[in-house]
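To keep things clear, I will list the structure first and then write my remarks on it.
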Amino acid sequence: MAKRDYYEVLGVNRDATDEEIKKAYRKLAMKYHPDRNPDNPKAEEHFKEAKEAYEVLSDDQKRAAYDQYGHAGVDPSAAAGAGAGGFGNFADAFGDIFGDIFGGGGGGRRSNVYRGADLRYNMEISLEEAARGTETKIRIPVMAECETCHGSGARPGTQPVTCSTCGGHGQVRMQQGFFSVQQTCPKCHGSGKMVKDPCPTCHGGGRVKQHKTLSVKIPAGVDEGDRIRLSGEGEAGVNGGPPGDLYVVVHLKKHPIFERDGANLHCEMPISFTTAALGGEIEIPTLDGHAKMKVPPETQTGAVFRLRGKGIKPLRSNEHGDLFCHVIVETPVKLTERQKELLRELEDINQQDSGKHSPREKSWMTKVKDFFQ
């Protein structure tokens, strides 16, 4: 699995100060520390990930290498071309060992081309926008290819020279006992080249921080956490490598009336106690405007009415969900004397009829009576 961007891990911007980075790390360390989360392997993974990110971004030299080359600048195993699980190229590894023994020299020159980092953008949209789809513009900070030197890092009219330490391979051999092991060149950070006359715009990095504005189409039916991929809109690659992608993550704003549950919508429906007792027709809101609904007599609080097809049509579906209205019978307030008089009269009639008009209350009183006997 590819490593996450270190800035994303700590939840800070790429231009974050040392203090902001330290504060973000402390917060995550407190949250995911193994002592606070025993028997929780996920928390331990998050803790290690945050620690690794902090160790790089809190060191000026490592951070500069990471900003310029991504994970490959601080971790040799992250270089492009590594196989599954970080084992690298099998033939290259054994070529280095046996090449030294038998004179084969199987390493060869590497291009050290790295793909740009993927970026993440959190976008908040309304429930209506999620249901109908929308198009909006966003402005994001990225590491883009320097237009002055076209990514070479060298002043226009000049070219980078071959690294004298690794001879342009991007890696150096270290002798360990009988074996020769390859490591990323500490001088050129794996690029195989050195810039003698740096570009005045990017100062030799080949990339510059920029803000770019993009138009994002949000399809109808998206839900919380859905990701929209914009290919090639991430950070610029290194040494001519392909750019990364941008992932727009959808978050839904809290709606004043509706709560979403997949394709279905839920809302509370307050009705007067007279409508609840006698029945009637009420008007309720939907995403398509108002709709009329009949309330049957003797409706109680907690009753749920369903309006088919008044929910949301999810992505990759041809059917709309439903709208569920949850009844709340309102008790009248700020009564006039006349209203109080009528309610007392109603209560007297109810008592005279042995509570048959309030079956739940009668049943409850019977249970209470039996309890104390």
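Along the chain as shown, residues are numbered 1 onward.
Cβ coordinates come from backbone N, Cα and C, glycine included.
Taken straight from Swiss-Prot:
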DOMAIN    5-70  domain 'J'
REPEAT    146-153  repeat 'CXXCXGXG motif'
BINDING   Cys163, Cys166, Cys185, Cys188  Zn(2+) 2 binding site
REPEAT    163-170  repeat 'CXXCXGXG motif'
REPEAT    185-192  repeat 'CXXCXGXG motif'
REPEAT    199-206  repeat 'CXXCXGXG motif'
REGION    346-373  region 'Disordered'
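Stretch with the most C-beta contacts under 8 angstroms to the repeat 'CXXCXGXG motif' (185-192), considering only 146-153, 163-170, 199-206: 163-170. A 10 Å cutoff on Cβ-Cβ distances gives Cys185 (Zn(2+) 2 binding site) a total of 22 other Cβ atoms nearby, all chains included. Nonlocal intrachain contacts for the repeat 'CXXCXGXG motif' (146-153), taken as residues 6+ away from its ends with a CB within less than 8 angstroms of a stretch CB, comprise 159-160, 195, 198-202, 204-208, 236, 239-240.
For the repeat 'CXXCXGXG motif' (185-192), the model gives a mean pLDDT of 81. The DSSP secondary structure for Cys163 (Zn(2+) 2 binding site) is coil.
Using the Cβ center of Cys163, Cys166, Cys185, Cys188 for Zn(2+) 2, the list of other same-chain residues with Cβ within 8 Å runs, in sequence order, Ser164, Thr165, Gly167, Gly168, His169, Gly170, Gln171, Val172, Pro186, Lys187, His189, Gly190, Ser191, Gly192, Lys193, Met194.
Cβ environment of Cys166 (Zn(2+) 2 binding site): Val172, Cys185, Lys187, Cys188, Gly192 lie under 8 Å away, each six or more residues apart in the same chain. Sorting the binding-site residues Cys163, Cys188 by the number of other Cβ atoms within 10 Å puts Cys188 first.
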